[in-house]
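Shown next, in C-alpha cells, is the structure this report addresses.
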Amino acid sequence: MGSTLFRGLDVLKKNNSIKVFFAKMALRRGTFAGGEKEGNGRTRAATDGSVVVSKPSDKRPSSCLELVRGAIPCLVESAHKGQLGRIGVIGGCQEYTGAPYFAAISALKSGADLSHVFCTSDAAVVIKSYSPELIVHPLLDRKTAVKEVKDWLPRLHCLVVGPGMGRNPTIMENVKGVLELAKEQGKLLVIDADGLFMVSSYPDIIKNYTRAILTPNAMEFTRLYAAVFGRDPDQSIDFSSQVTQLCRELGGVTICRKGHEDIIADGNDVVHCTMTGSNRRCGGQGDLLSGSMGVFFHWADMAFKKMNKEDRACAYGRSLVAAFGACALTRTCNKLAFAKHKRNMTTTDMIAEIHDAFELLFPEKKPDDKATRQEHTV
C-alpha cells in the first residue's frame, strides 16, 4: 500500500472516508472496472477537460486523467521486453499502407515494447520501409492467414483491427476468422476504420464481447447504429444517449464516438473528452488514436487484474479509462503540432509530438525501486 507505483491522486490521502477510499484504490494501481449498475444520473465537470456522466451515489474521482495516470506502469529495472505492451495491428493493403504504419508506430511511441503489423503481401515491403522498428507479417491475403495469425496471438496483448484493411471480401473473411480466435483467447480489441465497416456488416461478430472498444467517427457511428437497430439514430436524444443505446444493444461493448467531443460509453457510464485540439482534420489522426488506445487498454487491463472485488465494483471500466487516455493524448498531440505547423500539419507531425504530449499529461515519477520490485508483475 505504501508503494509509489501510482503516479497521481497523492492529495487524496486524508481522513475523509471517500478520499481514503480513492487513495486506497490509487495505491492498488487500479481505479477501473466494469460496473454493473445503470448509467442514469448526473453530469459533473472534471478538471481535466472531461465531463463524466455518473450516478449520484458514485464515489469515484471525477478526473479521468488521474485514473489514466494510475494505470501507466512505471519503468523499472526488473521489467523485460514485451511486458509493457505487445500490440498487433490487423490491416494494410495495396491501397492503404500509411494507416497501419501510423497505428503501429503510435503504439510504440506511446510506450508499447513491440508492435506488429499483419498486412497483405503487396503492402508489407512498403510498411517495412517506413520503419525498421515494426514487425511486419505479409500474410493477410493468404488462404492460410487465420492459421498463421493464430500462432502469433498468444504473444500479443491487444489487437488493433482495421487501419488500412480495405474491404476486399477475402481479406474481410480472414479478419473475421482472426477476430473469432482472438475472442476465444480473451484478447483486448480496438476496432477502427474498415474494421468498423466489417462490424457494421456483421454486428454479431462483436456482440457481447466486453473486451472490445469501437472507435467510430460520426458517419461510421450512424452506419453501425443503423445496422444494429435498422434505423438511423434518434435525433431527439443527445449523442451520449445514442452511444449508450448502441453499447447496450451490442451487449456492453465500449464505443468511443469521435467528434467535437469524444464520447466514450460502455453501457453503464459515459465520459466526454473535451480537451483542446485544433480545427485541422488531416487524415491519419484516428490511426494515432487507435494505436495508442491499444497500449492504454493493455495497461488498464493490468491494473484491473490487481484489484479486489470491492474495488472493481466501484470503479470505471478499464476500456473507458483506456479510451479516455488515448483521446487526451491524440488531442494534445494535435494541439502541439498545430501550434508549430498550422494548416500544413499532418499526422506525421502529430506523432512527433507524442513524447511532449505524454510528458504534459502523464509526467513520469521515479518509482520506489524496492516497492516496485515487490509489486511490479505483468
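Even glycines carry a Cβ here, placed using N, Cα and C.
Remember, TrEMBL labels are computer predictions, not curated facts.
Among ASP113, ASP269, ASP287, ASP301, the residue that TrEMBL places alongside GLY164, ASN217, ALA218, MET219, GLU220, PHE221, THR222, ARG223 at the (6S)-NADPHX binding site is ASP287. Of all the binding-site residues listed (LYS258, HIS260, ARG280), HIS260 has the fewest other CB atoms within 10 A of its CB. Residue density at ASP287 ((6S)-NADPHX binding site): 29 other Cβ atoms are found within 10 A of its Cβ, drawing on all protein chains shown. When the alpha carbons of GLY164 ((6S)-NADPHX binding site) and GLY284 (ATP binding site) are compared, the span between them is 10 angstrom. For ASP262 (ATP binding site), the same-chain residues lying six or more positions away in sequence with a CB closer than 8 A to its CB are CYS256, HIS272, CYS273, THR274, ALA323, CYS327, ARG331.
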